[in-house]
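Participant: In case it helps, TrEMBL gives these features for our protein:
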SIGNAL    1-21  signal peptide
DOMAIN    24-319  domain 'Plant heme peroxidase family profile'
DISULFID  34-114  disulfide bond
ACT_SITE  65  active site, proton acceptor
BINDING   66, 69, 71, 73, 75, 87  Ca(2+) 1 binding site
DISULFID  67-72  disulfide bond
DISULFID  121-315  disulfide bond
BINDING   163  substrate binding site
BINDING   193  heme b binding site
BINDING   194, 238, 245  Ca(2+) 2 binding site
DISULFID  200-225  disulfide bond
């Protein structure tokens, strides 16, 4: 009887392992299902970035903003319906997230070359983020694949979970902790702000009210961001916003972080994240390595796999057939 129980236990463990292995993400997920999927995504991303280099930052941001709201499930891409209050309308996304047309193009091209919808919109976001970084001079990494798409979205959860540009360090740490991300992940992933631009209303208070800011830097930013009006005027997040490098961290050490949430990572020796900021500012290899690890970790947040969710035919709409 005892041996039978042991045998049953072994069978159970083997089956459990098999189910886990089957449902886990893998960088080789599409190798046999559609080997041309990833090269197709890369081609479309490279063309989009070549056409407008700023698009690389926008595609990277889409992946972040998707994963922080109920996991990496492409919920951000869903348009509003009678039953879905789109995350696109949240405070952090409205009139700021962009690149949806590029994702649509990728989806159309991938489904065409695969012969059917086999690549999830969630995976497209993850791969497009990686390919955007590479297209702008960053290092590559193996994207874990096999996500499925959600059938709903939540503007309320987006408002609750997406980090604000006004957050201080304790709030940022707590915000990332809720997603299973630690302080190293926070600093490494914030390095994504080596790319892209921010709108005036997101940093106005910083350049007019904060004291932990380089005086010449604040004067420069005030030229295009007045005390009132010009809310959508853009400013670069670091001196080289179209190249993936370490200038973002070098800026923080000089108190030239554009957003309060950026400068919050460096306090001049008294902050718990100061050491990492300094290290990344002069060690591009360490930053690239940690960024890749944190991107993979973030990409695993509450993913749908196996029979969960669906593979959408249109990234903006739920399949109802």
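Glycine is treated like the rest: Cβ placed from N, Cα and C.
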Participant: Determine which residues of the same chain, besides 66, 69, 71, 73, 75, 87, have their CB within 8 A of the center of the CB atoms at the recorded Ca(2+) 1 site, and list them by sequence.
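Facilitator: The answer, listed by sequence position, is 65, 67, 68, 70, 72, 74, 76, 150, 153, 154, 158.
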Participant: Taking the center of the Cβ atoms of 194, 238, 245 at the recorded Ca(2+) 2 site, which other residues in this chain have a Cβ no more than 8 Å from that point?
Facilitator: 191, 193, 195, 237, 239, 240, 241, 243, 244, 246, 247, 248, 249, 251
Participant: Given the binding-site residues 66, 87, 245, state which is nearest to residue 72 (disulfide bond) when distance is taken between Cα atoms.
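Facilitator: Comparing Cα positions, the candidate nearest residue 72 (disulfide bond) turns out to be 66.
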Participant: Can you give me the same-chain residues 6 or more apart in sequence from residue 200 (disulfide bond) with a CB-CB distance under 8 Å?
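Facilitator: Looking at Cβ-Cβ distances below 8 Å from residue 200 (disulfide bond), excluding near sequence neighbours, one finds 224, 225, 226, 230, 231, 232, 233, 234, 235.
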Participant: Which whole-number value in Å describes the distance between the Cα atoms of residue 163 (substrate binding site) and residue 65 (active site, proton acceptor)?
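Facilitator: The Cα atom of residue 163 (substrate binding site) is 9 Å away from the Cα atom of residue 65 (active site, proton acceptor).
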Participant: Starting from the Cα of residue 193 (heme b binding site), work out which of the recorded positions (34, 75, 121, 315) are within 10 Å.
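Facilitator: Candidates kept after distance check: none.
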Participant: Using CB atoms and a 10 A radius, I'd like the single residue among the recorded positions 65, 193 with the highest neighbour count.
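Facilitator: Selected residue: 193.
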Participant: Measuring Cα to Cα, how far is residue 75 (Ca(2+) 1 binding site) from the residue listed as 'active site, proton acceptor' in Å?
Facilitator: 10
Participant: Show me the subset of 34, 87, 194, 238, 245, 315 whose Cα is within 10 Å of residue 65 (active site, proton acceptor); these are the recorded positions I mean.
Facilitator: 87
Participant: Mean pLDDT across the domain 'Plant heme peroxidase family profile' (24-319), rounded to an integer, is what?
Facilitator: 97
Participant: Round to the nearest Å and give the CA-to-CA distance linking residue 69 (Ca(2+) 1 binding site) with residue 121 (disulfide bond).
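Facilitator: Answer for this pair: 15 Å between alpha carbons.
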Participant: Given a separation of at least six residues and a C-beta threshold under 8 Å, show me what packs close to residue 121 (disulfide bond) in the same chain.
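Facilitator: Set apart from residue 121 (disulfide bond) by at least 6 residues yet with Cβ under 8 Å, we have 74, 77, 103, 107, 149, 312, 315.
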